[in-house]
Amino acid sequence: MAARWSSENVVVEFRDAQATAMSVDCLGQHAVLSGRRFLYIVNLDAPNEGHRKISRQSKWDIGAVQWNPHDSYAYYFAASSNQRVDLYKWKEGNGEVCTSLQGHTRVISDLDWSVFEPDLLVTSSVDTYIYIWDIKDTRKPTVSLSAVAGASQVKWNKKNANCLATSHDGDVRIWDKRKPSTAVEYLAAHLSKIHGLDWHPDNEYTLATSSQDNSVRFWDYRQPRKYLNILPCQVPVWKARYTPFSNGLVTVMVPQLRRENSLLLWNVFDLNTPVHTFVGHDDVVLEFQWRKQKEGSKDYQLVTWSRDQTLRMWRIDSQLQRLCANDILDGVDDLIDGISLLPEPDKALQPQDSEPQHSSGHGDEEALKEDFLNDLLVGKKTDQLGLPQTLQQEFSLINVQIRNVNVEMDAVNRSCTVSVHCGNHRVRMLVMFPVQYPNNAAPSFQFINPTSITASMKAKLLKILKDTSLQKVKRNQSCLEPCLRQLVSWLESVVNQEDSTSSNPYALPNSVTTPLPTFARVSNAYGSYQDSNIPFPRTSGARFCGAGYLVYFTRPMTMHRAVSPTEPTPRSLSALSAYHSGLITPMKIRTETPGNLRLYSGSPTRSEKEQVSISSFYYKERKSRRWKSKREGTDANNRPIKAAGKVIIQDISCLLPVHKLLGELYILNVNNIQETCQKNAASAMAVGRRDLVQVWSLAMVATDLCLGPKSDPDLEIPWAQHPFGRQLLESLLAHYSQLHDVQTLAMLCSVFEAQSRLQGCPNSYGPFPQRASNLASHSRYPSFTSSGSCSSMSDPGLGTGGWSIANKDTEQTSTPWCESSPDEFRYSNLMYPDHREREKDQHEKNKRLLDPANTQQFDDFKKCYGEILYRWGLREKRAEVLKFVSSPPDPHKGIEFGVYCSHCRSEARGTQCAICKGFTFQCAICHVAVRGSSNFCLTCGHGGHTSHMMEWFRTQEVCPTGCGCHCLLESTF
């Protein structure tokens with residue numbers, strides 16, 4: 001068919017618009033052009049008679065604009081600008097912004113109104129989120145969809161109210177808004193970015209994609225691995241959209257090197273040559289949309305907007321529309337007009353499951369016409385795909401030369417009888433085909449007499465036939481001939497198994513092992529979207545173990561990659577669908593026989609089918625004739641097969657700063673710190689750690705009893721404030737933090753914690769745990785999470801979120817003796833009304849060699865070392881270290897009432913006082929400590945058990961303590 005071309009019918013120029021997007025309303029009356037400063041509303045009935053403007057204040061261009069497609073909301077349109085979508089209302093010649101939708105964090109790439117629900121709008125963005133908005137409640141999106149990559153296109157399905165599609169670079173995801181957690185299907189559509197996406201107006205499963213890779217592809221998302229058809233082009237395709245009539249498609253190309261900027265009209269059933277060319281634009285066509293058909297007219301109008309700042313309208317007459325129709329539908333109108341004159345069909349030719357025609361009224365006549373038209377359309381589409389149109393055609397195409405098989409076919413009753421005779425076994429089976437076959441409807445199989453196989457063999461055979469038929473009908477393919485071949489192959493395998501057993505009289509009967517079929521079995525192919533969250537299997541890897549071992553595995557010598565080593569390994573199993581669909585060089589799948597049903601076999605063989613499996617990604621077929629002849633002459637069952645690579649466990653304890661032997665030799669004698677330091681120094685000398693010998697020698701000197709602090713702060717400065725006190729210890733901890741020696745860190749912290757307890761220093765966690773947590777946040781050892789996995793046998797309650805090892809300078813950050821900051825002074829004044837109490841508390845902190853501000857970090861050292869000891873099996877040593885882990889109170893969360901202890905009058909939280917350990921309050925009626933549910937008056941502070949208070953105030957109005965407070969009235973807000 002020769003390509004036709006035409007010029008436009010209406011041309012309107014807008015030189016000052018500088019518009020980047022255009023949209024036509026559902027009534028066909030107005031078009032909106034989106035510029036940076038103004039939105040131009042054009043009356044399409046009189047485009048040359050001036051236009052209206054809506055001013056906008058934004059430095060961002062409009063990326064997408066679209067009118068609401070419903071007549072009742074025809075005056076609404078949405079426009080996206082950077083991260084925001086503005087909803088405009090155009091009514092009676094005036095336009096204004098109604099509201100804005102704000103939720104995306106990156107630029108919005110596309111938007112689309114729902115065809116079924118006028119209030120729903122979907123937006124896509126580079127921030128990887130797709131939001132569905134309800135314009136009646138614009139505070140937040142009603143549905144949120146999340147993908148790995150940013151979305152460039154989003155379109156609602158035109159036949160399914162819950163379905164929508166998004167494009168992400170070269171991929172397409174199909175979503176169901178009722179299941180927002182994951183996509184329904186995944187299409188590896190193109191190798192380059194997708195510029196256009198459009199659903200078929202009549203088929204809910206079909207869509208078209210246009211891409212930078214110079215092609216338009218047609219998809220049925222129920223068959224995601226192979227496109228239905230492809231339109232190859234010489235240049236990238238900017239847009240491709242279906243026409244509202246017949247089976248047309250309009251494409252806009254991205255011009256290269258000053259080529260013509262024309263639109264092309266195609267017939268989707270004949271993509272060899274465009275049926276029409278729209279010539280006229282001088283620059284890139286940015287947008288095109290269809291205008292609603294006028295009443296009483298069969299013509300359509302195509303409205304286009306180009307970068308040359310011209311709006312053009314093209315008339316599509318009935319002659320052009322017929323060019324997009326199928327050849328088989330030429331003259332269908334005449335056939336439909338005379339269809340009522342057709343004679344009544346012979347009842348003997350009707351299938352049994354057809355419904356009789358009870359009347360010849362107008363409704364039945366219309367239904368018959370519609371069925372006739374649908375049959376023509378379906379028949380034409382089926383011919384295009386090269387598939388059988390009817391069950392009778394499938395029967396005629398079956399290869400009746402299959403050995404040992406006799407098939408009696410009955411197309412009228414939609415059934416066939418299969419007879420197979422192999423060896424001593426005979427199988428006769430009735431196959432019934434449903435009306436929907438093969439459209440995702442599998443046939444049924446039933447054994448009939450005479451059938452000689454056992455009941456267990458019948459069950460196995462039925463399972464094989466059902467699996468084979470389901471696999472085919474899911475792709476809308478015929479399954480009769482594949483089922484027949486499976487039936488014959490299975491019977492032959494049973495006969496061969498029996499012959500091999502009878503030929504060896506000394507063979508023992510095997511009642512446990514089920515004989516495997518001898519027919520070729522193809523390993524599973526992967527690549528569906530359900531596999532997108534499954535990582536691609538590793539063939540090599542390494543992992544450090546917390547017990548001082550490195551575990552690694554390698555690829556066996558027989559395994560080679562079938563693609564170039566420079567090609568990246570797929571990140572997930574779903575990526576293999578690209579290989580399957582032919583987008584990337586396909587790989588041969590190996591055929592597995594019963595002798596080598598393994599994932600990684602040492603002797604792959606050839607197959608005629610090109611599918612993708614995990615193993616085929618790594619196998620490379622060898623073409624050496626010498627190797628091939630040697631392989632054919634060797635029995636696969638007798639040749640040793642290396643199923644996988646080696647797993648190697650390497651001892652790397654010599655590379656680590658921690659030593660298992662030191663963990664066994666170290667001691668923690670809380671009654672004699674000097675002896676502990678001395679023996680630990682000897683243990684370090686035994687393993688060759690001379691640096692630790694010096695460390696433990698310094699620790700022994702620092703913990704000498706003669707350096708113990710005095711109880712009176714006025715007598716002398718504590719040794720901890722000496723340069724060789726806390727400052728020296730902090731420098732040691734900082735040094736071994738840089739070396740990641742958690743063993744030394746934990747042991748030093750435990751020893752000096754034990755020394756502080758012997759000196760009678762209080763726990764760093766006092767009655768105000770908030771203070772300790774605030775100080776700990778300024779520790780010089782900022783925490784990081786350890787990546788080592790914990791043993792499943794360890795106590796989860798003692799696990800740590802990580803211990804901190806950082807490269808920090810060792811300047812002194814502890815508070816000098818008898819010095820405090822203004823904040824600390826104000827805080828201490830709130831805590832201690834008497835300055836002597838404050839000075840005493842400060843002295844208790846200054847006596848400690850370990851800075852109380854870092855107590856939480858020191859606990860992390862001990863917990864981490866405790867996990868290492870657990871992995872070494874030194875559980876008693878672990879218990880000794882964990883004894884020195886402090887037990888701070890739970891951090892305060894939320895809002896609760898403060899309580900003064902009834903005994904010591906100090907502030908307390910909870911039912912027990914942290915100072916005097918007594919119960920904080922008593923019931924005003926029973927004078928027993930309150931531990932459970934309680935009620936108190938916010939005015940007088942009195943109260944007690946809830947049950948007692950309720951019983952009291954049923955008859956009384958004043959407080960039970962006699963304070964005179966009317967608690968019920970005072971507590972009413």
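Backbone N, Cα and C define each Cβ position, glycine as well.
Remember, predicted model here, so these are calculated numbers, not experimental data.
Binding of Zn(2+) 2 is annotated in Swiss-Prot for HIS945, HIS948; the matching candidate from CYS913, CYS916, CYS926 at the same site is CYS926. In Swiss-Prot, the feature zinc finger is placed on 900-920, out of the ranges 102-122, 186-206, 858-878, 900-920. Here the binding-site residues are CYS901, CYS913, CYS916, CYS926, CYS963, and the one whose Cβ sees the fewest other Cβ atoms within 10 Å is CYS926. If you take the Cα of CYS926 (Zn(2+) 2 binding site) and the Cα of CYS916 (Zn(2+) 1 binding site), they are about 22 angstrom apart, rounded to a whole number. Listed in sequence order, the residues of the same chain lying 6 or more apart from HIS948 (Zn(2+) 2 binding site) and placing their CB within less than 8 Å of its CB are CYS923, ILE925, CYS926.
Here HIS945 (Zn(2+) 2 binding site) comes close to CYS923, ILE925, CYS926, VAL928, VAL930, GLY932, SER933, SER934: these same-chain residues lie at least six apart in sequence, with C-beta atoms under 8 angstroms from its C-beta. For the binding-site residues shown (CYS904, HIS942, CYS959), fewest C-beta neighbours within 10 angstroms: CYS904. Sequence-distant contacts of the repeat 'WD 3' (146-185), counting only residues of its own chain at least 6 positions beyond either end whose CB sits under 8 Å from a CB of the stretch, comprise 106, 109-117, 122-130, 132, 191-204, 207, 209, 211, 213, 219, 221-222, 224, 529, 533. One way to see the shell of the Zn(2+) 2 site is to take the Cβ centroid of CYS926, HIS945, HIS948; the remaining same-chain residues with a Cβ within 8 Å of it are CYS923, ALA924, ILE925, VAL928, VAL930, GLY944, SER947, MET949. Classification of HIS948 (Zn(2+) 2 binding site) by DSSP places it within a helix. Straight-line distance linking the Cα atoms of HIS942 (Zn(2+) 4 binding site) and CYS901 (Zn(2+) 1 binding site), rounded to a whole number, equals 13 Å. Mean pLDDT for the repeat 'WD 3' (146-185) in the predicted structure: 93.
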